[in-house]
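Feature annotations, courtesy of TrEMBL:
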- A:90-304: domain 'ABC transmembrane type-1' (DOMAIN)
- A:28-51: transmembrane segment (TRANSMEM)
- A:89-115: transmembrane segment (TRANSMEM)
- A:136-159: transmembrane segment (TRANSMEM)
- A:179-202: transmembrane segment (TRANSMEM)
- A:223-248: transmembrane segment (TRANSMEM)
- A:283-307: transmembrane segment (TRANSMEM)
Amino acid sequence: MNERVDADALAGRSSGRMPPPRILRRRYLLPFALALPIVLYEGLLIVYPIVQGIYGSFTRIELASSAATTWVGWDNYERMFSDPAFWKVIRVTLLFTALVIVVALTVGLLTALLFNRPFRFRPIARGMLMMPWAIPEVPVVMIFIWILSPQFGVVNILARMLPGVTQNPQWLQVPELAMGWMVLISSWKAFPFYSLVILAALQAIPQELYEAARVDGASRLQLFWHVTLPGIGSTLELLVVLAAIFSFKQFTIIFLMTGGGPSGTTETIVIRIFNTAFRFYDYSYATALGVAGFVVSLAVALVFILMQVRRTQESA
Amino acid sequence: MSDQIERKQEQRRSTLNRRDFLRSASALAGLGLLAACAPAAQPADEAGPDAPAERTRVRYLSWWFEEGNRGETWNNFVDEFNEYQAEIEVVAENIPFDQYTTKTIVGTQSGQLDGDIVMATPELAPRLIQSDLLVPLDDVLVRNSITDLSSAHDALRKDGNLYGLDMVTVAFGILYNKDRYEEADITPASTPQEWVEVSAALTDREAQKYGFFATHLVSEPSDFWFQLEVWCMPYDGIWAEGTTPLLTSDGIIQGLKLFKQMYDVAMPQGADNPTGYRLFQNGDVAQGLYVSAAVGAFTKDAPDLYPKLRSAPIPWETNKSIARIHPMMINKDSEVVEESMEFVTYMYKPDNYRRMVEGCQDVIFAQPSAARQEYLDGLEWLKPGYFGVDYVTPFDIVGDFVYNFNEFGQIVITNFADVLNAGKSVEEAMEIAQVQAEDLAERIS
């Protein structure tokens, strides 16, 4: 009986008798109390550092000196926008991100299509598919450094089979090759996750749709184009955004393998931020670069939100 | 009806409602908080009146506790000191060399220097001294009656006080595998150009044999700059004077061109530092510019190679090489300054100091009177490459950039890497580097 009254009271329906204000206050406060831990966590460990970072980008901070932090206004941003190196870093970052999205998602989609079909030992093969994703990044880097070593690397044996290749290539020292390897290794590391998510989406497509299309005489390509792709469209959209964010912030592989070199050809914005902060100890400028990176990430997330809104409106 | 009501009431009593849950959780959290704030309980066997007094802990930070015989020697000394007296316990904390400077500088900026006793590189030391983060150590000399401290310590003084005591001075020299020289029937070079020729003669890329190795990857910035800095020596160049970078000066351009020549004709290109080290251990690399402190490590890492190691005379007229002093320092903000001072005093007793230097197989004594001639004579690799050389310090070759050594080095190596890999000329790359270094000078001034 009491529960009924309380529910009515909370829903704003009048039953002629309001519960005491103490109970009402408690009921209204409870959701806030439950949300408080996560709000505190987000506030202290995410929002506060971001705000501090934004503040830092308007100051001059010198590491290892007792000089006081000074307010410099937009100086760091003016320097950033007039710095050709910054625009090079942005170009490299966008190129790297775009290539990883294309390679990782394409391979992820192909493997998902493959693993969606029944074959012998499929569960084992699916388990093995996940291995690159499951291995931590540092061991991956160590393995690839050995594979690509100009002196001991196994990949040299294959390269030397190519006509005209008489010496072991400098895989990570030639600008074009270095970028290619960064994209390949990052994609190799990431694609199992995308594959798994796409596989789940593929299995959610009703079989009746395929049967109906086959009855209508659809070819395999048409089945893929008109049934499969629309069926996993929203998943792919999500994965493009996730892949963009993941590859945008890729640090370990690039930092440990090339450090951003040679000639800055693999220096993405996160590597640049690290180098600026912890190698040049130019902390304030690094925070300005960090804010720029944050804005780009935010823009990508915003695109995703807009796409979701549009999709919701369409389906409504 | 009354049965139903009773059953419901019974059900309510036996189930945990939200209010009870929150109440219990709050009580538990409160108890947990109280427990966390309570002083730690003493173990029963230590709590009694006869229990030995607790030792004062002194944290000693360095990068060398895992470095072959240097690590072993220092760990033994820490143990020895802890047994020698009952009041202080020195705890050795290892931080990898590549992270040491950055960690120290960032720690400093975030409020205070970490550790009670800290080791420093030649470039980190002036930075810490300049920032007033250290305790004067003159008293250590008085306590140990030391009167012949090396003049290299002058750089560790400020306002008449001494803030660091050298625990290892390392000097660059050309170290080679004598078997490789004998196989190729060559003798050490006497000019920079001859040195390139000798290195080329020792190289057979098809057979994976190389005449020379030096770190040259931007992914290993500390090692790259650490080794590249010495390449100003062949043509008597300096990297900077005061706050004026001299990256386009003739001495620097010639030195870097020499490095590039060596890279082209004799180096395992693209090899990282561990690979280069392994190739040298295996005899696949014939020679390198090694600091004296690194040679002792081969006794453990490559016992077969060690007896074959010899040093070549410095092949340039000035006979100059860089010596790097690594001082031990005490954190001013430490709560155990006096205890830290005890350990530094112990280590600087002439006899202990000598045992430490010999244990690490170092060759440059900050207390010259502590050196034993028999020990030096027993090191076959010492002469002539590391002996009778005119030593200069990083202070002499990078000017005021010694306070921002890493940033300066990062500019040099980043641009020089373009010479090695992107086909830029040395002049072109150093012109860009010069502008960047001038910007740096402006930023830090």
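For all residues, glycine too, the Cβ spot is worked out from N, Cα and C.
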Query raised in the report: What stretch of A:28-51, A:89-115, A:136-159, A:223-248, A:283-307 shows the most Cβ pairs under 8 Å to the transmembrane segment (A:179-202)?
Result: A:89-115
Report task. Give me the stretch from A:28-51, A:136-159, A:223-248 with the greatest number of Cβ pairs under 8 Å to the transmembrane segment (A:89-115). Result -> A:223-248
Report task. For the transmembrane segment (A:28-51), find every same-chain residue at least 6 residues outside the stretch whose CB is under 8 Å from a CB in it, and list them. Result -> 294
